[in-house]
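Chemist: Submitted below is the structure of interest, expressed as structure tokens.
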């Protein structure tokens, strides 16, 4: 009906004509008329290429790191294979060097998996806005890959080639670089494809691990094609790495004619001529003292040097195929694209009725009780919201080091907050709102912070960060914990040991009712990206609740309404104002609130760029105090029924008016009144500091509320629950071990006891040891996720790094041991190793030890890495 009215209305025709004009003549630009995009695919590709190139050159540290990394690794490998002997003893080692040179770039290409997974949400958003085709972005990324890999391959290949005495001919050197280059870009596209088809990082690492094992085993070098089992040999023919290795081997061996190593000539003895001897090297002929490289390849690996350029074309074809598949997948495949979050509840819910002292709350909640903003505050004595404290700051300055000097982010800011009031912190983007909150809450760890910040007229105690609450803009929560568990975790580590567990948990239930979270109290918090878990507004409430259960003296909030609609924003701020009405001290950074929201605040601290104060003081009824200040100092008149918040932001942002608002504030009587009030508050508080001095020697003198053993108990218990509930992580870990065991086992199934069989057993064990790289890749995303939670929770001094480190290491062991046991059960009997009990047990213990070592070394690498992409790049080391 709406569409028919629009069609009949003249305005509909105008709108249609406007859309047609906006598309700038679709026929001329060769665009589909019904296309949602306003630019052609070619133009999108060009603009994305420019953007990707700017991102590339705009991060010189990444380029420098890549070059240094390749130089260091090429030197390490080059010295390991330095100056290979010019005889048959170097045949196998020389091939191993070429195989490893391509394998190294394959390992580094695995960092494309986390890149693809982590960057897809931005792509989905841009696609929804019809900004560009994701396929155009895929092609632009490929072009940048081509450029970047030129530097990587030149640095790595040149050092490695000449350090190891490969064939000293310019043509073969250039061919070596070409084959190494095409193999590297092919692997980048291959692992990016794996990342694009993976729903999440855990599945991505599992798929990349299994793929890497197939690539290595069936490259045609560890297991020569004639020795491959027929039912798995097809993997060799579809393995792009195999064609790359074949091309590199053909390039190196095609002109080689090496003398036989004297130790390899048989029989040996005095007077035996070469006519009666034979070299035991593969490819040797009786009575010949030399062996041709091409004969070695043909007889040992079924590689024909005349196929060198055919192999190159095969790798190139695979690369083109992967590029096309990446473009198609990015264009048409999306993960987690559901509109509404899905709640997932804990299977067994605790009975908490005994903890709720309000009998009416034990029954079924009606609709009004479900709206947290409507729940009246109050309750039993212990369940009252903590009374706030007075906090003052005077002449606060904050500078950070930058290239060529320092940059001042906060400039002589003074103010105060009192119990029972709610102060708004406002300013344009970049004015320093979050920086000031971080400084006042003592969250800054770099730079130079100056100024006087007093709590009740006294210096901040060591427990300051623990006894104050800070709700960050980003709601960081463990997705595998329930709402109740998250609140209990915070309360257990931040409340005093003198508070009993029953009293502590009773207060948690009170906060749950207060926030209207009872219906979802046993719901998993979930992850916004997966659309499983609580909604965005509920996450905001939970963030506030995590701080409230600690009974903070001061509550700082950094834009608690970001990402919410108008109704949800109003509900959040109204609830915060009720907390202030109960005596809480609140300071809240907020960005351009609506008029109804702005009326809920008592005071305003307004900043402009450079961290300079424009106004601090009462807002007044209908914001009249605030409006009169600006009008008195030259601002244009306020329009009745307007939004005071928008008015003051427009006034201070109007540079054309030529008014220096920070200077006006410095010379205003209002600032003098603020400084006088700060002095008065501090003098009154300092006159009665006996209790504060005594408390400094009590609980407030401790950085943490709980001792290390209790911290470890609580943190380890949560991590164990998190691991247990993270079914995807556990299944992919066990699945990877079983799959790898079966792949290796069936590739070397029932090996005999001959000389060649012994070598195959060694290769099988080598592949087992090489699985450590896959284990390292798997544990790192989990570690980085847990570190994210630790970063937020340690900022409130809930627990120390000792408890975190011990917990994350030890809680991995039970799950790791189980998955490695599954590998052993599937692997050992298939190969045909020694069945005696002591040999079986020894192998089992060694593999468990290797697995645990891989877990810990992977966590160590991740601990030194800012993100999983850098960690993946460091893993090959």
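Yeah, the Cβs are placed from backbone N, Cα and C, and that goes for glycine too.
Annotations for this protein, taken from TrEMBL, read as follows:
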- 391-635: domain 'ABC transporter' (DOMAIN)
- 55-85: transmembrane segment (TRANSMEM)
- 91-114: transmembrane segment (TRANSMEM)
- 135-163: transmembrane segment (TRANSMEM)
- 169-191: transmembrane segment (TRANSMEM)
- 203-223: transmembrane segment (TRANSMEM)
- 312-333: transmembrane segment (TRANSMEM)
- 730-750: transmembrane segment (TRANSMEM)
- 799-830: transmembrane segment (TRANSMEM)
- 842-864: transmembrane segment (TRANSMEM)
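So where do these features actually land, and what's packed around them?
Modeler: Regional average pLDDT for the domain 'ABC transporter' (391-635) in the model is 89.
For the transmembrane segment (55-85), the residues of the chain that approach it from at least six positions outside its boundaries are 93-94, 97, 100-101, 104, 144, 147-148, 151-152, 155-157, 159-160, 163-166, 261, 873, 876-877, judged by C-beta separation under 8 angstroms.
Packing against the transmembrane segment (91-114) from elsewhere in the chain are residues 73, 77, 81, 84, 152-153, 156-157, 160, 164, 166, 179-180, 183-184, 187-188, 190-192, 194-195, 198, 201, 204-205, 208, 212, 215-216, 219, 221, 241, 244-245, 248-249, 252-253, 258, 281-282, 291, 293, 296, 773, 777, 781, 867-869, 872-873, 875-876: each is 6 or more residues past its ends and has a CB under 8 Å from a CB in it.
Sequence-distant neighbours of the transmembrane segment (169-191) (same chain, 6+ residues past either end, Cβ-Cβ under 8 Å): 101-102, 105-106, 109-113, 142, 145-146, 149-150, 152-154, 156-158, 161, 208, 211, 240-241, 244, 247-248, 251-252, 255, 308, 312, 315-316, 318-319, 322-323, 326.
Within the chain, the transmembrane segment (799-830) has long-range Cβ neighbours (under 8 A, six or more residues past its boundaries) at 493, 704, 706, 708, 711-712, 714-716, 719-720, 723, 730, 733-734, 736-738, 740-742, 744-746, 748-750, 768, 771, 775, 779, 783, 786, 790, 793, 840, 843-844, 847-848, 851-852, 855-856, 859.
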Chemist: Mind checking which residues of the chain, 6+ beyond the ends of the transmembrane segment (312-333), have their Cβ under 8 Å from one of its Cβ atoms?
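Modeler: Result: 123, 133-135, 137-139, 142, 178-179, 182-183, 185-186, 189-190, 192-193, 196-197, 240, 243-244, 247.
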Chemist: Six or more residues beyond either end and a Cβ under 8 Å away: which residues meet both conditions relative to the transmembrane segment (730-750)?
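Modeler: That would be 202-203, 205-206, 209-210, 213-214, 217-218, 223, 228-229, 232, 723-724, 760-761, 763-764, 767-768, 771, 774, 778, 815-816, 818-820, 822-827, 830-832.
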Chemist: So if I exclude everything within five residues of the ends of the transmembrane segment (842-864), which remaining residues of that chain have a CB under 8 angstroms from its CBs? That is, six or more out.
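Modeler: Here the qualifying positions are 768-769, 771-772, 775-780, 783-784, 787, 808-809, 812-813, 816-817, 819-821, 823-824, 828, 833, 871, 874-875.
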